[in-house]
Amino acid sequence: MMMNKNVLSSILFFMLIGSVLVESRPLGLTKTEEKFVASLFDGLSLGSIKDSGPSPGEGHKVVDRKDTFRFVKHSGPSPSGPGH
């Protein structure tokens, strides 16, 4: 029983230390490292999203309302054919 308690406490201790090491991050970045990290994120799409503005296009805006029902799907049985 004592052996199991020691093993269990050792496992829990290493799991605690491991979780602290995994969740930690460096605290003091130097100016060189900050510039490197900033340039890294500027090249990614996240930097592009943050710097982008509204699109100049119309998007999905419906221009002519009388044409809206032309694209309605007519449900019903499918035409008979060879199938799959």
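Each residue's number is its place along the chain shown, starting with 1.
A Cβ is built for glycine as well, from the same backbone N, Cα and C atoms used for every other residue.
According to Swiss-Prot, the features are:
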SIGNAL    1-24  signal peptide
REGION    50-84  region 'Disordered'
COMPBIAS  58-70  compositional bias 'Basic and acidic residues'
MOD_RES   Pro77  4-hydroxyproline
MOD_RES   Pro79  4-hydroxyproline
Protein Cβ atoms within 10 Å of Pro79 (4-hydroxyproline), excluding its own: 5
Other CB atoms, at most 10 A from the CB of Pro77 (4-hydroxyproline): 5
